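Novice: What follows is a single structure, and I will ask about it in a moment.
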Amino acid sequence: MKRAGRTMVERTSKFLLIVAASVCFMLILYQYVGPGLSLGAPSGRPYAEEPDLFPTPDPHYVKKYYFPVRELERELAFDMKGEDVIVFLHIQKTGGTTFGRHLVQNVRLEVPCDCRPGQKKCTCYRPNRRETWLFSRFSTGWSCGLHADWTELTNCVPGVLGRRESAPNRTPRKFYYITLLRDPVSRYLSEWRHVQRGATWKTSLHMCDGRTPTPEELPSCYEGTDWSGCTLQEFMDCPYNLANNRQVRMLADLSLVGCYNMSFIPENKRAQILLESAKKNLKDMAFFGLTEFQRKTQYLFERTFNLKFIRPFMQYNSTRAGGVEVDNDTIRRIEELNDLDMQLYDYAKDLFQQRYQYKRQLERMEQRIKNREERLLHRSNEALPKEETEEQGRLPTEDYMSHIIEKW
């Protein structure tokens, strides 16, 4: 009887070794085959009452760019009680306001952000001390300037927090940059409508290499206080319009091209350097989401930082840009004006989809392995002789324990 039990344990051990080897093989295989493999669904996640909350991975997705597995995993050991800080780079008209509110109002935290009525900023302290873990518009305000870009934030954030939260002999902070991107045509039209209603970002600093640009380096598209009432044609005709390729400019290291000095290097070379810099910085960010994929954005953020949202994200397709009727010629013109953004978005969308595919499929594979182990354990328990099962499950009673003590 005992021999039969040992045989069953040996079989179980061999099976688990085979399963472990299979997992390693599948991870190696993914590197070459890509995310087309269908590997299964997540387990133990929130929103169990909504099994279809996150879209099923597309088994027919064809990737455009090659990314090694290390670029797809993106699971960080974010330590809110340590020195880690999330820095949100908010690009205009990408849905950043909604996402920023999610960060301060919708994350399940040990110590929730303190958001009081009538106040524009929330207090987001760490659970163990009065220091912020989030650098964003709705937590620290525009501390590095209105809609500060990558160049500004990376040079400004450490100093700002160092002055606000100085402490002797402290461990250096670790910054995790995040952002949202949007389809360039939709984003451009949304910005035009925003400007048409009288909005401006003229208080933005555009700080680069320790100074702001001169009026000659960054001319204005309009005279007066704002550009309200401008037509789409007027908006497109301004050669200095910062709406053109805004996403690339705000994600690139502008120091590489002489900041806003257009005569620093030839225009074609400048454009290529900016695009490659934006791609690199985006890829190296801790996380980025896409406005067009709210649920996938939520999913990737949660898995990257191991933080859960209280309420699921909603996908709103009826935006102001969506209500603008433009002909095909105008769309092509907008695409030309935003050619760098179009290339960046194509790159970002593919990386985003590959990360989503990878994480979802990995979770499904882990769930399959877990289910197999549970079935194997159940079968092994059923296979044990009845007497042995009863003997293993018998609990010592008080009389039985007294008998043992007396005998001893």
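Each residue, glycine too, has its Cβ placed from N, Cα and C.
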Novice: Per Swiss-Prot, which of TRP201, TRP227 sits in the substrate site along with LYS120, LYS121, ARG137, TRP142, HIS147, HIS194?
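Specialist: Candidate listed by Swiss-Prot for the same site: TRP201.
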Novice: Please identify which of LYS120, LYS121, ARG137, HIS194 has the densest Cβ environment, defined as other Cβ atoms within 10 Å, among these binding-site residues.
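Specialist: Of the binding-site residues LYS120, LYS121, ARG137, HIS194, the most buried by Cβ count within 10 Å is ARG137.
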Novice: Does DSSP give LYS120 (substrate binding site) helix, strand or coil?
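Specialist: Where LYS120 (substrate binding site) sits, the three-state DSSP reduction gives coil.
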Novice: Taking GLN92 (3'-phosphoadenylyl sulfate binding site) as the reference, which of LYS120, LYS121, ARG137, TRP142, ASN261, ASN328 (the recorded positions) have a CA within 10 A of its CA?
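Specialist: Hits: none.
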Novice: For the topological domain 'Cytoplasmic' (8-14), what is the mean per-residue pLDDT, to the nearest integer?
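Specialist: Averaging the confidence scores along the topological domain 'Cytoplasmic' (8-14) gives 59.
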Novice: Using a Cβ cut-off under 8 Å and a sequence separation of 6 or more, which residues in the same chain sit near HIS147 (substrate binding site)?
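Specialist: HIS90, ILE91, GLN92, TRP201, SER204, MET250 - these are the non-local Cβ neighbours of HIS147 (substrate binding site), listed in sequence order.
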